[in-house]
Each structure stands twice: as structure tokens, then as C-alpha cells.
Amino acid sequence: MSQIPQAVRERADTLHQQLDDANYQYYVEDDPRITDAEYDALLRELQSLEAEHPELKTPDSPTQRVGAAPAERFEEVTHAVPMLSLDNAFDDAELAAFVKRVADKLECDGDTLAFCCEPKLDGLAVALVYENGRLVQGATRGDGRTGEDVTLNLRTIRSIPLKLRGDSIPPLIEVRGEVYMRHSGFEALNDRARENGDKVFANPRNAAAGSLRQLDSSIAAARPLEFCAYQVARLEGEDDAHSHSDYLKRLRTLGFRTSPLLDVVKGERGVIDFCHRLGEQRNGLDYDIDGAVIKVDSLRDQRELGFVSRAPRWAIAYKYPAQEQTTTLNDVVFQVGRVGTLTPVAKLEPVQVAGVTVANATLHNMDEIERLGVRIGDTVIVRRAGDVIPQIVGVVESQRPATTRAIEMPEHCPVCGSQTERLEGEVAARCSGGLFCPAQRKEALKHFASRRALDIDGLGEKLIDLLVEREWVKTPADLFRLEAERLAELPRLAEKSANNLVNALEAAKRTTLARFIYAIGIREVGEATAASLARHFGSLQALSEASLEALEAVEDVGPVVARHIHTFFRQPHNQETLEDLQGVGVTWEEVEIAGRPQPLAGQTWVLTGTLESMTRDDGKARLQALGAKVSGSVSKKTAGVVAGEAAGSKLEKAQNLGVEVIDEREFLQRLAHWESASSEDAQPTAPEDTP
């Protein structure tokens, strides 16, 4: 084991503490003091140090929230203290009866009794066990006595501390709480699913539960799960708490989030007022609650009251009325998302749901329509929860009229008229219009101008948004028609910046075929595939005229991608867009393909660290031009690794696997040799004499 320099060890400890503090400030205090970008920079620095010095990596490091190797199954966990359910109250009278029962049992005045009240989050209950301050086990509620060990998944949730904070750390503590998903995170998760053609979740609770039960914890790590603590079930060591609210205060000092809405109230009036007040706040929350939990605050009184069968006498759950109504589905229209995904939107007979008039609801995709069995004209059940878009959750088939009609996916985009496509295995249909489709215009232009595409310096996302909104730019070619005088009229874009942007646009006209193919945004055509297409066909015309069979013969191109490419070039408006770009002066050198050998064909190379003589992208392009595939990871099949300055874990892995490693000097020498040999062998033959 190599000796770690003291300065490195101290820096790692500092980063560890800074990241822990940032998590505490964000999730517990709700007072973030650094930006997301600053947090990410600290995390990347710690990851880099741990990659160079694996001994620094600890189970409670903030870097260990990315997930571990997939498990084969979840082990059963027997709860040391059963996770019991609560009795329910559905109105003020039942709340009053609960307070009276408690007061009678304790033989006291109900008006003087203190109750701790908090929202009942609609998620998944879990139990977390900490030994000497470190998380050792996390389990689901299960049937209340036996749950499942989901420790690896729970470790990925940033609002769950891997190591407890403070000086008074108990030898053992079991903390219970709810894993849930905010509406904002849920909508973003479903947006990504729609873009990728995956199934969407019906509601945040299902999303949270499904994420927590993934055998592959890296999936849970990518989901926006959160945790809120509500109970101390076991505690060993110093315990000076006299009330439930005392325990919740201690949980905050240990690093847990508790509900910011909890309150300690007195008597029947206080309990009823809290439930009414929370009910008024309910629709403005960024997460689902299905009620309130009312607990006798005194721990001594809790012990005296005890339990009846499956529930404690000292607590009750107040349930709010369901946020559902029935109405008529009048029609279905299809909206086009920023990457072309078609989403069916239900047009409803307006109905009041949870105090809000609902006239539209999402149907997600055609699979969901088929699952529901819904038809236009049906009486449907509509649910609304907080800020989540209202959705249809069922059909009242007993009220179905004879005049209903089926919902059909349009064959052409309702925005631009392009052909729609739905590939086998995908649940979403998409518009194939790409750059031509106004609904996709902003994102298509941002991709076109991005660093790995045409790399237009100074053309940021906000500026593109503004140019599209003012209708100054409708196609990529319009970018190259912009004039400095007009650009200078825009807010925060002075004359000098406007001139710089026009110069950058002029420079971007000179590109490569591979970059251009990538820039035009053919679905699923990334950098590597674009480079393969450029090498294989040599010109845009040859690529645009290629058959499906010819496309499938290209390295990295399978039947699905071939179909995307083929469809793109068969759309007349896409051809017009390409001709327009060439008309404003976008050019590239055509790639020589006839007779040009590729000395690195079939080889995979990896670039790591910083190169002084060129950028990594330039090095990658030169390797690809010689036939190599350039990968971002090292394996036994890697032919060689080019190691620049500050090469990290890829260098170490290559050395461990016995993969050849060369420095930049050797790389330049080999490039010169390979490119010279390729050029000499590729000399064109002299034309035959003509009579």
C-alpha cells in the first residue's frame, strides 16, 4: 500500500466534511450555501483523490452514493421493534373522539394534553439502523414484522446520512421515516422516460417504491428519491428525551431531515386546527401527503397508553378526502415534446378536483391508453395531487355510451406534418421532423451549436431561446444570416459581443463531415456513429442516398439506428434544411474512402489525462480516421491507452490489466507513422489515357 501524502489526506477529509455539511444545509436546514455546480466540483475532486488513492475511500464517503453491483435478491429483515400501522380518523368528530379516549385513559384534562402533529407523507416507510454513527442496515416495512434489506439503495439517497453528525453519537439508533419523491423530481423522471421511449410511472409513490426495490442500486441512485425521518424506534446510550418532539429535534442534530410542517399543539381544538391548516396547504406542497399523523407527545404517556393489537393507542392518522372526480373524456390531442415525443392529452368536461378546475389530463402514451382501455366519450376517473399534472386513472365502464370511439396515434406530426414513428420495444411515438419541427426547434439548435457539433463559441442556450422566441432564427441556416448590428439590439449583448458571435459563426462554417452529421441531430446518432458514417460513405450525398442494407453494414449501426438515418434523409424538409446550410456556406472536406487503409481498424483505444499538443477531441478524431474505435473505459479488449498529464483511474486499470500504455510523445510518433503509411498507401491511381 503506497503512503498517502498528509496534504492529500487532509484535503480528502476537508472535502468529505464540506460535502457532508452541504447535504445537511440543503436537506435538513433547507438553507443551501453553495450552488449545485460548486457541490459537483467538490464531489469530482474527492472522486479524483479516491481514484488515485483507493485507501481514502470509506463506506460513508459522499462519493459512495452512486450504487453498487446488482444484487440477486433482497434478504429478509426481521424488525427488532415491529413497524405497526395506525388507526384512521376521517373527520373532526373522529379526531375529537381520539383525544377524548386518550384523555380518559390517562385520567387527565384533554385540553392540556400535548400532541405532536406532522404530515403523513405518501411514500414508502423504511427503518435505518446506525451503529456507532454509521449506517449499517436499511429495510422496508414489509408486513410490519418482516421487511426487505434495501441498504444499498438507501445509501444512494443524499438526504440519508451515511455517517451521523455531532459529538453525542449513540452506540445504536434505529430511525424510521418515509422515502418519497417530489413532484418536480417525478415530472423530470417521467420526462426522461418519455424521451427515451420508456414506460412512465403513474404517480410519485409508485416511482419511489419501484426505485427502492431495484436490485441494481445504480438505478435507485439515478432517481430523485428523498427521505424524511419521523420516529426513533430504538436508542442505546444517553437518552434524555421526554417527548416525541424531543426525539425529532435530536434527529435534526444527527443529520436527518424532519418535516418543516410539524407542530406541537394542545387538546382537541389544536389537533383539529392543525389538520384543517395542513389541508389548506396540501395542494401547494411539492410532494404528496395523504393525511396527518397525530401523536401524544409525552413518551411517558405513550408508554402508559400502550398498544391494541396492530396499532398504538397514542397515535392516529387523519385521512383527507380523495382527490378524484369523474367526468367525460371529450377528445384527445397530441402534444409534441422538445425531442419529438408525442404525448396524448385528454380534453375533459371541466370538473372541480381538490378545489381546482381540471379540463386537461395526461394519458402518457399509447400503452397507458391500452392499459386503461379508455375511449373518447368515456366517463373517466381523474386524479389530481398537488402540482402533479392531473391524470386519468380509470374508466367507469358501466357508464360507457355506444358512441365512444378509439384513440388513434396520428401518422403525421400535428405540428409540422412529418411522419411519426414508433419502434418495436418503445412505448412512445416520435415526430421524425427533427430540425424542421417548430416544437423541437430550440433543443435542435442548441445541439447544432454545441461544442461537439459545430462548436459555435458564444452561442449559449439562453441566447438561442431568445433568438427563437423573437423568430429571428427558425432553421440552423438562419444562424449564419445573423448580423452584428441586429444582434447588438439584444439585452446583455453589446456591440463587441455581437461582432465576436458573428465571427464565431463564420468560423463554424468550416467543419468536418463527422461533426456535421452529428450536428444535424439524427436520432441516436452520436459522435462515434457520426464518425463511422463519415468514414464509410465519405460524403453527405452518399450517406443521404444509402439504402437500409448499406446503412446496416456500417460499424456501430444496427437496424434501429439505420431506420432513423434512412427516415431522416427521406423527409423533403430535412433535405431542404441541409441544402440551405450548404447554401449559406457551411463546408467540410470530403473523406477519402477509396483505397485508404485503416491501420487501426478493429482496435479500441482510450485517451486519458491532458494532452499538450492537441485536445482530447482532436486525438480522438485522428484515431478514428485511422479506423480505431475510441472508448471512455478500459477493458481487456483495449488495444492501447494514451496517457497524458494527470491521468487517473484509467491508467491504473490499464496497468492492472496489462494493456499497453503510451505517453504523448510516443503517441505523436505513432500517429505520424500511421498517418504517413495510410497516406502513401492511399495514393490515387493515374487515370487511363483517353483516346
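Heads up, residue numbers simply count up from 1 along the chain you see.
Cβ coordinates come from backbone N, Cα and C, glycine included.
Database features (Swiss-Prot):
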BINDING   D36, A37, E38, Y39, D40, S85, L86, E118, R141, E178, K295, K319  NAD(+) binding site
ACT_SITE  K120  active site, N6-AMP-lysine intermediate
BINDING   C413, C416, C431, C437  Zn(2+) binding site
DOMAIN    595-684  domain 'BRCT'
> Given the residue listed as 'active site, N6-AMP-lysine intermediate' and C416 (Zn(2+) binding site), what distance in Å do their CA atoms have, once rounded to a whole number?
Replying inline: 46
> For the Zn(2+) site given as C413, C416, C431, C437, which other residues of the same chain have their Cβ within 8 Å of the site's Cβ centre?
Replying inline: V336, G340, P414, V415, G417, S418, T420, S432, G433, F436, P438, A439, Q440
>> Within the domain 'BRCT' (595-684), count helix residues (DSSP H, G, I), strand residues (E, B) and coil residues, in that order.
In response: 37 helix, 17 strand, 36 coil
> How many Å separate the Cα atoms of D40 (NAD(+) binding site) and C437 (Zn(2+) binding site)?
Replying inline: 35
>> Of E38, L86, R141, K295, which is closest to C416 (Zn(2+) binding site) if I measure between C-alpha atoms? They're all binding-site residues.
In response: E38
>> Quick check for the class: what is the C-alpha distance, in angstrom and rounded, between C431 (Zn(2+) binding site) and K295 (NAD(+) binding site)?
In response: 54
>> Can you tell me how many other Cβ atoms are located within 10 Å of the Cβ belonging to D40 (NAD(+) binding site)?
In response: 11
>> If I take the alpha carbons of C437 (Zn(2+) binding site) and E38 (NAD(+) binding site), what is the distance between them in whole Å?
In response: 36
>> Which secondary structure state does DSSP assign to E38 (NAD(+) binding site), in the simple three-class scheme?
In response: helix
> Can you name the residues of this chain that are 6 or more positions from C413 (Zn(2+) binding site) yet have a C-beta less than 8 Å from its C-beta?
Replying inline: V336, G340, L342, Q419, T420, C431, S432, G433, C437, A439
> Judged by the number of other CB atoms within 10 angstroms, which among E38, R141, C437 is the least packed of the binding-site residues?
Replying inline: E38
> For K295 (NAD(+) binding site), what is the tally of other C-beta atoms lying within 10 angstroms of its C-beta?
Replying inline: 23
>> Around the C-beta of C431 (Zn(2+) binding site), how many further C-beta atoms are within 10 angstroms, looking at every protein chain?
In response: 27
> Per-residue pLDDT averaged over the domain 'BRCT' (595-684) comes to what?
Replying inline: 80
